[in-house]
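Record features (Swiss-Prot):
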type: BINDING; residues: G174, P175, P176, G177, T178, G179, K180, S181; note: ATP binding site
type: COILED; residues: 19-82; note: coiled coil
type: COMPBIAS; residues: 78-88; note: compositional bias 'Basic and acidic residues'
type: DOMAIN; residues: 4-82; note: domain 'MIT'
type: MOD_RES; residues: S93; note: phosphoserine
type: MOD_RES; residues: S102; note: phosphoserine
type: MOD_RES; residues: S108; note: phosphoserine
type: MOD_RES; residues: S410; note: phosphoserine
type: REGION; residues: 78-117; note: region 'Disordered'
Amino acid sequence: MSSTSPNLQKAIDLASKAAQEDKAGNYEEALQLYQHAVQYFLHVVKYEAQGDKAKQSIRAQCTEYLDRAEKLKEYLKNKEKKAQKPVKEGQPSPADEKGNDSDGEGESDDPEKKKLQNQLQGAIVIERPNVKWSDVAGLEGAKEALKEAVILPIKFPHLFTGKRTPWRGILLFGPPGTGKSYLAKAVATEANNSTFFSISSSDLVSKWLGESEKLVKNLFQLARENKPSIIFIDEIDSLCGSRSENESEAARRIKTEFLVQMRGVGVDNDGILVLGATNIPWVLDSAIRRRFEKRIYIPLPEPHARAAMFKLHLGTTQNSLTEADFRELGRKTDGYSGADISIIVRDALMQPVRKVQSATHFKKVRGPSRADPNHLVDDLLTPCSPGDPGAIEMTWMDVPGDKLLEPVVSMSDMLRSLSNTKPTVNEHDLLKLKKFTEDFGQEG
C-alpha cells in the first residue's frame, strides 16, 4: 500500500498498545486489545490491502496475535482455579503443556461463559405475554401444530415416549403482518411451564471475532438448563441465509453453530423447541430448512378471520357497527394482512377525534358523566352540523374538558379509513410463498 490507511494505522496502534499491556501484566486488557486489533487487520485485508504480499504479511501478523490471545484466554480461564505463574510473551502457557481442560469440570466456572450467558438473560421472557389462542383470529392449522409440539408434551409427557417424539423445530413463514410473532406470544402465554427465549439477530451478532457462535452455543446451553424451553427466533433469515462465496466468515460460523446445536452429534435437545419466523423462507440455507421438521405457511387471513380481526381490534371502544357490517368489511379487505387491518381500525378510531377537531358547531346531549359513568347528565357537548336543532357555534377549544362526548365509531369511519389504506403484501411475494409451500411446507 502506498500510504498507511487510517484502519491499518488503528490496527497497528491497537496491537502496539496490546503488547505494552501484555508486558505490564494487564492480561485482560491485552486480550481485548489483541482481539480488537485483529478485527481491524482483517478489515484491511478484505477491503483495503493492495497485492498478495501485503495481505500475506498482515495475515501472518494476525495469526501471531491470535495465538497470543488464545494463550492469554487460557491463562485467564485457569487463573481462578489455581495460582499460576504468568506466562511470558512468546512462551507456551501451562494450558498448552497440560492439555486443554476447558471442556471439563472448570467450564461451569468459566467467567467468559458467564458473561455470554448474562448477555442472553435479557432474551428470557420472565413476564408472560397475555395473548391467548382465542386472541389469534383464524390460523387453526398453525395453532393445532403448535399445541401438538408444545402444549401436549408438557401436559401429557407419557404420550411422547419411544418413537413418538414431539417436533423439535417449527418454521412459521408467510407474508409480513400475518401474525407469526403474535402466534409465538400465544405459545409463550399458553406454555406456562416453559422458559420462553425470544431472540432477534441483534442478540446473537457480536463485533468480536468468534463471539457470535459462542452466543449461539450458550443460548442452547441455557435452554437445556431451563427446559422445557422454547427458543423463538424472529426474522431467522437474517442469521441463516443460504451459504455463498461472498458471505463473511462470521456469518458462516454462526450458521454452522446453529446446525450443530439444532441437531448435531451428541447434542441432547429433549424438551427444547426451536420456533423460527420469516417472511422470505426461500433464502434460508437448505440444511437449516431441514432442521425445521414442520414448516407451516401462515397465509393472509380469510374473510371470516378478517371480520373477527376488525372486532378484536375495535375492542370495547363505543361503535355502531353491526354483525353485517363486520362481514362486509371482511369481504372488502381481500389481500389485506392482519397488520393492515390493525392500521385500518387504528385510523378509524381516530375519525371521531378528527370530527371533534374540525367541528364548528356542538350541541348538548344526554350521556354518562365523566366523574361517574353510572350517572347520566344532560349537558355534554358533541360535534354536529350547523343546521342541527340546538347547534351552538363553538370550537373544541371552547368545550370544557369533562363535557365532551365524542361520536361513536361508525361504518362510514371504517370505509373512509379503508379507502385510505392500501395492502402491504404484493402478488409477486405471494406467488413465491405459494411455490415454497408447494415444495417444502404445509398450509397453516
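Glycine is treated like the rest: Cβ placed from N, Cα and C.
Assigned with DSSP, the residues of the domain 'MIT' (4-82) fall into helix, strand and coil as follows: 67 helix, 0 strand, 12 coil. Rounded to the nearest whole angstrom, the C-alpha distance between T178 (ATP binding site) and S410 (phosphoserine) is 26. In the three-state DSSP classification, S181 (ATP binding site) falls within a helix.
Listed binding-site residues: G174, P175, P176, T178, K180. The one with the lowest count of other Cβ atoms within 10 Å of its Cβ is P176. Taking the mean position of the Cβ atoms of G174, P175, P176, G177, T178, G179, K180, S181 as the ATP site, the remaining residues of that chain whose Cβ falls within 8 Å of it are A277, N279, I298, S337, G338, A339. Within 10 Å of its Cβ, the residue among the binding-site residues G177, G179 with the fewest other Cβ atoms is G177. The average pLDDT computed over the coiled coil (19-82) stands at 79. Recorded residues S181 (ATP binding site) and S410 (phosphoserine) have their alpha carbons 30 Å apart, per Cα-Cα distance.
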